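Each remark here refers to the structure printed beneath this line.
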Amino acid sequence: MDIDFNEYKLRCELRGHDDDVRGICVCSDENIATSSRDRTIRVWSLDPSDKRKYTSSKILLGHTSFVGPLAWIQPTDDYPEGRLISGSMDTFVFVWNLINGENIQTLKGHQMQVTGVTLDNEDIVSSSVDQTLKRWRNGQLVESWEAHQSPVQAVIKLPSGELVSGSSDASLKLWKGKTSLRTLSGHTDTVRGLAVMPDLGFLSASHDGSIRLWALSGEVLLEMVGHTSIVYSVDAHSSGLIVSGSEDRHAKIWKDGVCVQSLEHPGCVWDAKFLESGDIVTACSDGVVRVWTVRQGVIADQMEIDAYDSQISEYKLSRKKVGGLKLDELPGLDSLTSPGTSDGQTKVVREGDNGVAYAWNMKEQRWDKIGEVVDGPDGVADRPIFDGVQYDFVFDVDIGDGEPIRKLPYNRSDNPYDAADKWLLKENLPFAYRQQIVEFILQNSGQKDFNFNPSFRDPFTGANAYVPGQPSHTAATSAKPLYKHIPKKGVLVFDVAQYDGILKKMTEFNTTLRSDSANSDKSLTELEVSRVGAIITILKDTSHYHSTNFADMDIALLLKVLQAWPPTMMFPATDIVRMLVLHPHGASLLIKHVENNNDLLLDLIKKVTEDSALPANLLTTVRVLVNLFKNSSFHYWLQTHRSQILDAFSNCYASPNKNLQLAYSTLLLNYAVLLIEKKDQEGQAQVLSAALQVAEEEAADVDSKFRSLVAIGSLMLEGLVKKIAIDFDVESIAKSAKASKEAKIAEVGADIDLVIRQ
């Protein structure tokens, strides 16, 4: 179908999702499926009473985290409306029956977020942050291979039969089955989106802001540059038109490599797809799906178009910046009642919807109006403003100790020592911070070759500036950003126990077993019950841990309970093991039962996570694992079995039990600390993915969310996964955290935001 390019206009808006719309699947011109951060998939069908519009016909529920990639399987006799494939951050691929909206297959095998799904004949192929591509046939995993050394962000099937994958390593790979035919290089950042370009090759969208058209030979046929931020998606129409969606809030339409139109949105455009008719569907971070058309008969009425234009204007106004600050953050006219400090000093204030500059007239002792301040492109100012005054820099300084972030304004023409001294005086801070602040200024203003003026005199002592231990022109080396809660150093443990209650419960359960003829052989003798009491006595006496010991029979006794007692009765013994691993000698005895072929802990994990998993068993077992991090002799075991452990307890973050949520988040935090130390990138990526799930869980307990955010921030700051986190929208998680009413959540959100910007 050939389409002469005409300007696209709004056709309709599809409202129903509660959060970002992340993915689009075009089943036909009459049916569209969309995925969302709200964990749902919606199917939209053409409204029979109004051919311009679509209505929500089905909501597909089942994923436990945000849903991303979608693909459609065409109708068969068994499935007359076809099937839908979805991938999610919960690591699962689901297949849905579109007749009734039921999940008919759950494909479990990926260790981390599923980023792409495509059909290869009858097979499903999926890509993931775990760096693999997996092939599924009839609901079963039949092939898996490591496709890249970094997260795989997208996968598509070409008409010629090959698969193409795109990765955070900035490359694309062409596959014939599991065999890599060639690696395509050229992008300078993550390859995020892929699409078939009919009769020519395939398209790639990248975080580097560009779109490329590739031939099968690996030759770049075309490069399209025009977006000002990350390009998340790209799609092509048989007419030759291309559409792309970007963080810059625009869906751009390209013809012959030239951008012919930009469709502005009130938020990030996560995805954009063509309908067969040539209409375009866009998915936006404001939770709205929009359809755009060039066909006169289905364009929205003027009232709807005006309402959308008004929405865009309001959005832009709400984000309008003057001098790098939001308009509503500028001081009002009443700030002009305060006199200036020097002749010609400028101040920018808000007047209505504009920022207006004034200059201080020292002779007349008044503020003279200069005129309206106009920002550069996209609201980015050349110079930031603080208290209405323009500066070359306005730094955020975190002095710790629970104090709020302080703003430090600075101009390149200022003497850094003078600026530091005046700032410390204004903020009522000790002058012991002086050198640290000077180094911070030099580092962050790029003045590595600052030459000190020997005529400078300290404004408070009259003496020359003193720079301890080094010449004043030496480049700053310690001017690092100051964070409130990251990186996390050391591990956390659960070291408080209600010993009397534990012993009472074990005795009660033992009496029950003894009176049950079918289970009496599993009960403890009076002597064994007495020995449990002796174990608890040793554990209570923490001040003598250095000199007390356990007998081998003590460990054997606990093992007997964990292995033989019914699951409903084992949690008190597990709680004793939790405390035992904090005792040096107890830990050394226990590890013997971990390092042999009969691994006590793996058996315990398997037993407590079976189908009838009980919250009490999950809680005590996760706490055991958390406490293992305290003893370095368990670190190798924890690292080796990391994937098994995190997979086994992966659903704990969504438990209604707040204590279990907290234990699971603490497990993730301790793993983050360990894997940063071990420089284990694969492990760090899995922990990051799990922590992101907790951070996005609306019902998560405050302390659980806080610990997961600390894990995320620490992994980004000192680990090897900052790029992966940014690829998966950690910025929106940080933004949400910063807006929290809980102080510590807001603080760690600010920490993560600062890491992103470094």
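For all residues, glycine too, the Cβ spot is worked out from N, Cα and C.
Just so you know, TrEMBL annotations are computer predictions that nobody has curated.
What TrEMBL says about this protein:
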type   : residues : note
DOMAIN : 359-455  : domain 'PFU'
DOMAIN : 484-755  : domain 'PUL'
REPEAT : 14-54    : repeat 'WD'
REPEAT : 60-106   : repeat 'WD'
REPEAT : 107-136  : repeat 'WD'
REPEAT : 145-185  : repeat 'WD'
REPEAT : 184-214  : repeat 'WD'
REPEAT : 224-255  : repeat 'WD'
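Counted as Cβ pairs under 8 Å, contacts with the repeat 'WD' (184-214) are highest for 224-255 among 14-54, 60-106, 107-136, 224-255. Counting residues 6+ beyond its ends, the repeat 'WD' (14-54) has Cβ neighbours under 8 Å at 60-61, 63-72, 81-82, 84, 86, 88, 96, 98, 101, 267-268, 270-277, 279, 281-291, 297-300, 696, 732 in the same chain.
For the repeat 'WD' (224-255), same-chain residues at least 6 beyond its ends with a Cβ under 8 Å from one of its own Cβ atoms are 1-3, 5, 8, 192-198, 203-207, 209-213, 261-274, 278, 280, 282-283, 292, 378. For the repeat 'WD' (224-255), the DSSP-based tally of helix, strand and coil residues reads 0 helix, 19 strand, 13 coil. Across the repeat 'WD' (107-136), DSSP classifies residues as 0 helix, 19 strand, 11 coil.
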